[in-house]
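Features reported for this protein in TrEMBL:
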type	residues	note
DOMAIN	55-90	domain 'EF-hand'
DOMAIN	91-126	domain 'EF-hand'
REPEAT	161-247	repeat 'Solcar'
REPEAT	255-340	repeat 'Solcar'
TRANSMEM	311-334	transmembrane segment
REPEAT	352-440	repeat 'Solcar'
TRANSMEM	354-378	transmembrane segment
Amino acid sequence: LKDMMEKLCSVLSDAHLPGTSWTVYVSLLQKIFASGDTDKDEGLDFEEFSKYLKEHEKKLRLTFKSLDKNQDGSIDAREIQQSFKDLGLNLTDRDAEKILHSIDADGTMTVDWNEWREHFLFNPADDLQEIIRYWKHSTVLDIGDSLTIPDEFTEEEKTTGIWWKQLFAGGMAGAVSRTGTAPLDRMKVFMQVHSSKSNKISLVDGFKQMIKEGGVASLWRGNGVNVIKIAPETAIKFMAYEQYKKLLAKDGGKIQSHERFMAGSLAGATAQTAIYPMEVMKTRLTLRKTGQYSGMFDCAKKILKKEGVKAFYKGYVPNILGIIPYAGIDLAVYETLKNAWLSRYAKDTANPGILVLLGCGTISSTCGQLASYPLALVRTRMQAQASMEGSEQVSMSKLVKKIMQKEGFFGLYRGILPNFMKVIPAVSISYVVYEYMRSGLGISK
């Protein structure tokens with residue numbers, strides 16, 4: 001191991017890293033071992049090392065391409081300054097030249113691909129800003145469930161104020177998307193609460209019942225609250241996420257994947273806690289009969305008068321528990337699909353194109369829903385218990401046992417068909433509206 005480290009240090013010394021001490025080389029080598037040791041046997045064989053080099057070189061190529069603004073095959077001081085400016089940092093001419101000089105091997109004051117590759121090949125890369133920029137999905141795609149982990153915003157987006165425009169565009173996209181798929185969402189809630197083995201409700205029969213009872217307009221019951229709660233929930237989640245990231249990141253450094261998941265889950269729980277009474281009202285208004293409530297405020301007043309404040313937090317526990325499997329699986333699947341695409345297809349750019357982004361977002365969100373759906377069903381039934389005639393008020397655990405005994409495991413997935421049916425139209429609508437909003441607000445690509 002010592003011989004191998006000395007040889008690698010010799011390579012690193014030749015890779016133009018001036019003034020680098022032995023301890024820094026050891027640190028770099030430890031990173032290389034950690035990145036390359038895929039089988040975790042505390043050793044790095046030739047195959048693992050080769051794979052590490054190939055994957056790392058691909059990341060370096062993407063970074064080089066993003067820095068080479070004029071695409072002339074080399075990077076100069078001006079392009080380095082511009083790249084830092086894009087990230088919200090102003091770099092002096094002297095500092096840009098100093099950075100360039102540390103990489104420039106032939107003294108031309110420009111860096112070509114070979115110089116860039118030799119300099120950084122043995123320095124494991126973190127997530128690239130370009131990849132982050134292209135691969136956002138949760139502010140763009142809205143499927144009606146607000147359990148996704150918030151997006152990262154670059155320093156450039158934060159300092160220029162573009163972040164609030166993107167959140168606003170995402171909120172408007174969500175509002176249009178939810179309105180467009182509201183009939184399917186109401187059908188999902190209707191089947192979650194009323195469908196059973198003894199009372200099977202098909203999609204056609206369900207829509208017929210709803211239209212017969214309240215007309216075509218009744219298909220949009222509960223949509224008003226569902227749209228109104230987007231703004232406060234998004235704002236609270238974003239602000240809470242930024243604070244949790246600061247608390248969890250070590251020594252103010254870059255946040256790791258597991259820390260991001262924890263921060264996102266905590267932010268989601270904070271936002272859900274704040275707006276949860278609106279979730280309860282949404283369910284009650286969705287299931288209401290004609291004339292039962294005149295509107296959102298009438299609904300809130302009647303719930304408060306008949307059932308008290310506690311009624312506004314019925315189903316809260318399964319709702320909060322549902323954040324963990326949904327957000328965790330959504331994030332894990334999306335990251336896996338992203339890395340698979342980057343590994344196989346990324347050559348000159350990290351931009352995967354619209355169809356790949358929509359496909360990855362749709363698959364990851366659907367997987368997240370599949371995992372958290374039983375908790376969502378239990379939450380909805382608990383929210384609706386008081387409005388159902390002769391319904392027994394039971395706890396989460398008792399309700400799960402009751403469903404399992406009467407309907408079996410698949411009873412926990414009542415209404416999942418209309419839920420899946422709305423995913424593709426919801427994603428498509430939200431993406432199209434988001435792009436139009438971005439254009440209207442003057443947000444460049």
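Glycine is no exception: its Cβ is also placed from the backbone N, Cα and C atoms.
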Check: Over the repeat 'Solcar' (352-440), what is the model's mean pLDDT?
Finding: 88
Check: Helix, strand, coil residue numbers for the repeat 'Solcar' (255-340) per DSSP?
Finding: 73 helix, 0 strand, 13 coil
Margin query: With helix taken as DSSP H, G or I, strand as E or B and everything else coil, how many residues of the domain 'EF-hand' (55-90) land in each class?
Written below: 23 helix, 2 strand, 11 coil
Margin query: Across the domain 'EF-hand' (91-126), what are the DSSP residue counts per state (helix, strand, coil)?
Written below: 19 helix, 2 strand, 15 coil
